[in-house]
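Trainee: Got a structure for you, questions after.
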Amino acid sequence: QGHMRVTVENVRLIDRVSSRKAALGTLYLTATHVIFVENVSETRKETWILHSQISSIEKQATTVTGCPLLIRCKNFQIIQLIIPQERDCHDVYISLILKYEELYCFSFNPKLDKEEREQGWKLVGLNEEYNRMGVPNKCWQISDVNRDYQVCDSYPTEVYVPKSATAHIIVGSSKFRSRRRFPALSYYCKDNNASICRSSQPLSGFSARCLEDEQMLQAIRKANPGSNFIYVVDTRPKLNAMANRAAGKGYENEDNYSNIKFQFIGIENIHVMRSSLQKMLEGETFLDINIQRGGLILLSLRCKSRVIFFEVSCISLVKQVREENQAY
C-alpha cells in the first residue's frame with residue numbers, strides 16, 4: 001500500500017484485437033507498475049504493465065464516454081483505457097513515469113551489502129553461455145584483447161575469436177571497422193562446427209582496404225572446417241550501404257577478400273522495422289478496403305511485407321548454418 005500512487009475506479013479497458021465488450025475495473029498506479037483489475041468477481045483478471053516497458057503515453061480527446069488514455073509498450077502491447085473523469089485521467093497521465101531516472105529501481109535501496117548487490121550482475125554469465133554452445137575448442141578461443149574496453153567500448157571485455165587471429169590482427173581489424181566493432185563470434189553450432197560472427201561495417205569508402213581485416217575474415221573461414229567459404233551478409237539495403245561509402249564507410253569488396261560470398265539482404269533500419277511491426281500488430285493490415293482507405297491499406301501491406309521479408313531472411317540464414325554448415 002505504501003507504494004500505491006493513484007487509484008481510479010470504473011475504468012474501462014478496450015480490447016483492440018477482438019470485438020469483446022470493454023472490461024470494467026479499477027486502475028492502480030504503483031511505484032513500479034500500472035495495474036488494471038477487472039470487476040468480475042469470478043475471474044478478477046489482472047493486467048500488469050511494468051513502468052520500464054512503457055514506450056509512449058497518449059492522452060486523447062475527451063468523449064461522451066470518458067477520457068481515453070493510450071499506452072504503447074516496448075513489447076508492442078497496446079493498452080487503451082477509458083477513464084470516466086478528465087481530472088482523473090490527467091492525474092494518471094502526470095503520474096506515469098516519463099524519464100528513466102524516475103524509475104523505482106534507481107531509488108530503491110535494498111538492505112544488502114555491496115557484495116550481495118553485485119551478485120545481480122552475475123545472473124547471466126557470458127562465458128557460461130559460450131561454454132553451453134561448445135567453445136572454447138580447437139578452432140575458437142577466448143581473448144582478452146578488449147580488457148578495460150580498450151579496443152571497443154561496446155563489446156564485452158572478453159570475446160571469442162578464431163585461434164589463428166592474433167591480437168595484432170584483431171586490433172588492426174578493429175581500426176578498419178565502424179565504432180571499432182571487429183568480427184567476433186556470436187553463435188557456434190557444436191553439431192556441425194558452423195558459426196555466426198558479427199561486426200560493424202568496414203571503413204572501406206570507395207577503395208580502401210585493410211590487410212588485418214582481410215586476415216581476420218580468413219581466420220574465421222579456417223575456424224569453420226566444414227565450409228570452403230564464408231557468407232558476408234550486409235543486412236542494409238544496397239542503396240544505403242552505397243551512400244555510406246561517401247562518408248568513408250561502406251561494405252566488403254569481394255575482390256579484396258578471398259573465399260567470401262557477399263550479399264545484401266535489404267532490411268530497413270530499426271526505426272522503420274519497429275514502426276512496421278507496430279502497425280501490423282495494431283491490425284491496420286485487416287482494415288476494410290475502400291477508396292478512402294486505399295493509401296492506408298497500401299501502407300499496411302508494405303509494413304507486413306517488411307516483417308515477412310525479415311522473418312524469411314532469418315529462416316534462410318538459420319537453415320544454411322544448421323543444414324548446410326555455412327559460416328557467417
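Every residue gets a Cβ built from N, Cα and C, even glycine.
Here TrEMBL flags ASN269, ILE270 as substrate binding site. Positions annotated as domain 'Myotubularin phosphatase' by TrEMBL: 120-282.
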Trainee: Please state whether DSSP places ILE270 (substrate binding site) in a helix, a strand or coil.
Mentor: helix
Trainee: For ASN269 (substrate binding site), what residues in its own chain, 6 or more apart in sequence, show a Cβ-Cβ distance under 8 Å?
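Mentor: When sequence neighbours closer than 6 are ignored, ASN269 (substrate binding site) has ARG236, ASN240 within Cβ distance under 8 Å.
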